[in-house]
Amino acid sequence: MRGVWKCGLRPMAAALLALSALGNQPARAQDTPPRPELVTRGEYVAQAADCAACHTMPGGAPFAGGLAFHLPTGTLYAPNITPDAQAGIGGYSEAEFIRAVRNGIRRDGATLYPAMPYPSYARMTDDDLHALYAYFMQGVRPVATPVVQDGMHWPLSMRWPLTVWRRLFAPDPAVTLKGATARTFPDPLVARGAYLVEGPGHCGACHTPRAVTMQEKALTAEDGPLYLSGGAPVDGWRPVSLRGENRTGLGRWSEQDIVRFLATGRMPLGAAFGGMTDAINHGTQHMTADDQLAIARYLKTLSPTMPARAPGWAYDPAATSALRAGDVSARGARHYVDSCAACHRTDGHGYPTTFPPLAGNPVVMDPAPDSLIRIVLEGNTLRATKQAPSAFVMPGFAARMDDAAVADTVSFIRAAWGNDAPAVSVADVARIRRSLSPEHPPASLPMN
Amino acid sequence: MSDEARRLKPVDVVVVGGGWAGSIMAKEMTEAGRSVVMLERGPDRSTAADGAYPASIDELEANFRYKLFQDLSKNTVTIRNNANQTALPYRRMAAFLPGEGVGGAGLHWSGVHFRIPPDDLRLRSRVIEKYGAGFIPEGMNLQDYGVTYEELEPFFDKAEKVFGTAGEAYKVNNEVVGQGNVFSPSRSDHFPLPPLKDVYTAHLFRKAATEAGFHPYSLPAANASQQYTNPYGVQMGPCNFCGYCSGYACYMYSKASPNVNILPVLRRHPLFELRPDCHVLKVERDSTGTRATGVTYTDADGKVVTQPAEMVILTAFQFHNVRLMLLSGIGKPYDPVRNEGVVGRNFVYQNVTTSTVWLDPKVETNQYIGAGGGGVAFDDFNSENFDHGPLGFVGGSPVWVNQAGVKAIAGAHAGGPPGTPRWGSAWKAGMIDTYRHSLRIDAHGANMAYRDVYLDLDPTWKDAYGQPLLRMTFDWKDNDIRMNRYVVDKIGDVAKAMGARDVHLTKREFGSPFDTRQYQTTHLGGGAVMGTDPQTSALNRYMQSWDVHNVFVIGANAFPQGTGYNPTGMVAALAYWAAHHIRTTYLAHPGPLAG
């Protein structure tokens, strides 16, 4: 669940606060006081739970909130969860904090919008939440800037319907935790992976389809094959299936591919984009190698949602041969050669892990072309991580290509190299182009 | 100005200039646990902004409006040919193109990434050994660097690995391993990447040079021939020969630059801080004058700020380093009349002329394809690889086809063969013929140092900050012109072997002065040279000021005379060499490293 920046005074104020605190000197390692082990562990839990993705604005003070979610029902702002007593959660007792995280109930008894993934957090252990509380109270600097909720339209600006929703759809943490201990796993690593993915990692919040009433159709692997089978577009990005589909899921990703992806946002079959960029940036890259492996091993236990109707992806060199022979008669081929092939190559293999492949890339073959169209229009930034300090920027083509040209290009990419995914229409591109927010940030550009 | 300046909290090291040398020194000093502030006069720069395709490949903006280059309206140099003239400011970019902004010349360069011929490092000794002291022309300040190839080898190797340099070795650990330059010294390892593929003209040149009896090799290029991850963990994309290298931020992330190859790691380091838009005015010294206390600069808002530091490392462009030393009173200024002093002494350039060969009209030379660092060269007339005895000159020149991608405006500028009208249909026909069917061959020669060629502060002209401009006193000398003419004749031999339809050999002419209006090269050198004698060098062999021990000066300013090679590889190796000695000796025992 990532949002789009709301330009306004709130982010600016937070940015100013952050700036004034930075000063002129480089931070010196020895200036940082040692922290209790519990707080450090809580910080790790906060990373595993990706709290910062919503509650920290890029360049803003950590956890001071303000991130805007543009929902069909209005705009929701992520609250300030720093330990400031007035603006943040400084007044919360540990029990109140845990109730908010697991049950979605605010200190005053109101129900939180389920943008807060408490249906997943319900699975978090007492130990993790105890550490998380210690971290938020002692490891986070209080910020006194409140976040005002004024963007939701009536009737969804009222909280009581949320309470009904919560009672209907959010799991009871007591039951959930009991169920978790009763589950059996092939090995402890898979058990750990299940906990991270279904609990703090709340992967299903994006990657599991939701019902019309907005609850996730499955909250764990036990709930059936819809779990992590791909979600509805979030902010225009379509979260792909994390299950074992050969073409459109993780069927051809090895455990090590997944580990590498979680650590660096890049692996030989693809690169991160959209909301996953934040999830990696704030979350998965900070995880231990063991936890990354646990997630990978667990994800590899998820079978395809449905038995495959088409054979698995295999490279088809026909498009490559045509392009190399100068034949650009296929729909979109000429655009592809002119605008895409320098990095992604006429053979579609790209230069992994620098420029991702399009041949056999699950995102390219996804039934919903939304992400692919949006990347072509807007471009994408593969962010630097601790292990992969280089960022790579793909330029957007919205200003250079009209809807027909984008539709042709995307259709070419989806058809070529054995991808065999359906073409996209000009209307599809027009729809995505309309959805691009004019407020879309000039995404803070990487500096390499 | 220092009295009014705001004083900041001290840091361990201040690095002046955000190019290759500065980024290497900052990286090394943070690795050594030192806090580093890097000051860069120009703006911050990145591939994401300056290399955003397709806006990035705007030839007009990049090569004719000098997007990545120095703002001459704020600061430039004055130039004259000899001491009897009055120097005038260099107001329009032409002969040389100093960079500005984070990455410096390392962002706008082409990527030719050489080591140095071992003989060039001890050229004075070598010439005397071979030809006797009387062979050195009157007025030529021929000197040794004070450092040997064997000492520098590990640092050449390190720089190549950081840069992702593509090339083919000749000898590794004294064993012949490949088709590299037969004149090149043994290496401790192969290049990290295989050589770039030959473009068609380089292929023709390789064949013809072989037929003419020479020994061609692939130019070592810091343009990645494959995708690459360097020892710092940063990634480069592969070069696609688009030809937009020199003057551009590479949108493929394949041309090595501080921005792509070092700064991504440095920027994340908690001990490192980069301050762009900060123009350093001078290095501050204590009351004894023998110790630097920091630097004073104007920040982005025009405020004057003093940054105290334990160590000052000057890593600006060659002549800016010299000027900062002069403005700060570090080292004795050179006096050509009394032949005393060292700062400004042995200012050198590079002796480059480009000849054009026209092939059969059926042969398309595809000059739009290119890689800034790629091509084929031969070194048969470079350095001391040939007998200068009967020739009567010092120095030499590699010869190469370095097809860096001829773009539309440049192609039109080049026009047709000499004598073609400069307008109308005849011009158009000549221009098209030249663009489609010609190739260019460079003689990329050394320039020797002379007693009356030097840098000093201009008595008249000042920059936007009220400080005197640097004055260049420079002209070509007969020794260098003879060398150029001798080597360019060899290009004629190669052209003949190519079956040229027509050849225009460009040679230096005796009596024809240095002309600032034509681009020649940005490979300026010397002015604050390294050496073993404080009477003839401003820096010791560790790039340390003889006079102010906590000032190190890294750049081509350290070259005692020019070489035939592009300077960046040598500058990077010298940076790692100096850093090594700072880390292993100086930090524990601050003081002169030689003396």
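Placement of Cβ uses the backbone N, Cα and C atoms for every residue, glycine included.
TrEMBL annotations: computationally assigned, not manually curated.
For reference, TrEMBL has these:
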type: SIGNAL; residues: A:1-29; note: signal peptide
type: DOMAIN; residues: A:37-140; note: domain 'Cytochrome c'
type: BINDING; residues: A:Cys51, A:Cys54, A:His55; note: heme c 1 binding site
type: DOMAIN; residues: A:188-303; note: domain 'Cytochrome c'
type: BINDING; residues: A:Cys203, A:Cys206, A:His207; note: heme c 2 binding site
type: DOMAIN; residues: A:327-417; note: domain 'Cytochrome c'
type: BINDING; residues: A:Cys340, A:Cys343, A:His344; note: heme c 3 binding site
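TrEMBL feature annotations superimposed on the structure.
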residue  : record                : Cβ contacts under 8 Å, 6 or more apart
A:Cys51  : heme c 1 binding site : A:Phe63, A:Ile81, A:His282
A:His55  : heme c 1 binding site : A:Phe63, A:Ala64, A:Gly65, A:Leu67, A:Ala78, A:Pro79, A:Asn80, A:Ile81
A:Cys203 : heme c 2 binding site : A:Val197, A:Leu228, A:Leu242
A:His207 : heme c 2 binding site : A:Leu228, A:Ser229, A:Gly230, A:Gly231, A:Pro239, A:Val240, A:Ser241, A:Leu242
A:Cys340 : heme c 3 binding site : A:Leu358, A:Thr409, A:Ile413
A:Cys343 : heme c 3 binding site : A:Gly350, A:Tyr351, A:Phe355, A:Met394
A:His344 : heme c 3 binding site : A:Gly350, A:Phe355, A:Pro356, A:Pro357, A:Leu358
Within 10 angstroms of the C-beta of A:Cys54 (heme c 1 binding site), the count of other C-beta atoms across all shown chains comes to 25
Measuring Cα to Cα, how many Å separate A:Cys206 (heme c 2 binding site) from A:Cys54 (heme c 1 binding site)?
13
Does DSSP give A:Cys340 (heme c 3 binding site) helix, strand or coil?
coil
Around the Cβ of A:Cys206 (heme c 2 binding site), other Cβ atoms within 10 Å, all chains included, total 27
Can you tell me how the residues of the domain 'Cytochrome c' (A:37-140) break down into helix, strand and coil by DSSP?
45 helix, 10 strand, 49 coil
Sequence order please: the binding-site residues A:His55, A:His207, A:Cys343 that have their Cβ under 8 Å from a chain B Cβ, otherwise just none.
A:Cys343
Under a three-state reduction of DSSP output, how is A:His207 (heme c 2 binding site) classified: helix, strand, or coil?
helix
Other residues with Cβ within 8 Å of the Cβ centroid of A:Cys203, A:Cys206, A:His207 at the heme c 2 site?
A:His202, A:Gly204, A:Ala205, A:Thr208, A:Leu228, A:Gly231, A:Pro239, A:Leu242
Same-chain neighbours of the heme c 1 site, Cβ within 8 Å of the mean position of the Cβ atoms of A:Cys51, A:Cys54, A:His55 and not counting those residues, run in sequence order as A:Asp50, A:Ala52, A:Ala53, A:Thr56, A:Phe63, A:Gly65, A:Leu67, A:Ala78, A:Ile81
The correct DSSP tally for the domain 'Cytochrome c' (A:327-417) reads 39 helix, 8 strand, 44 coil
So, by DSSP, how many helix, strand and coil residues make up the domain 'Cytochrome c' (A:188-303)?
51 helix, 8 strand, 57 coil
Same-chain, non-site residues whose Cβ lies within 8 A of the A:Cys340, A:Cys343, A:His344 Cβ center for heme c 3 are A:Tyr336, A:Ser339, A:Ala341, A:Ala342, A:Arg345, A:Gly350, A:Phe355, A:Leu358
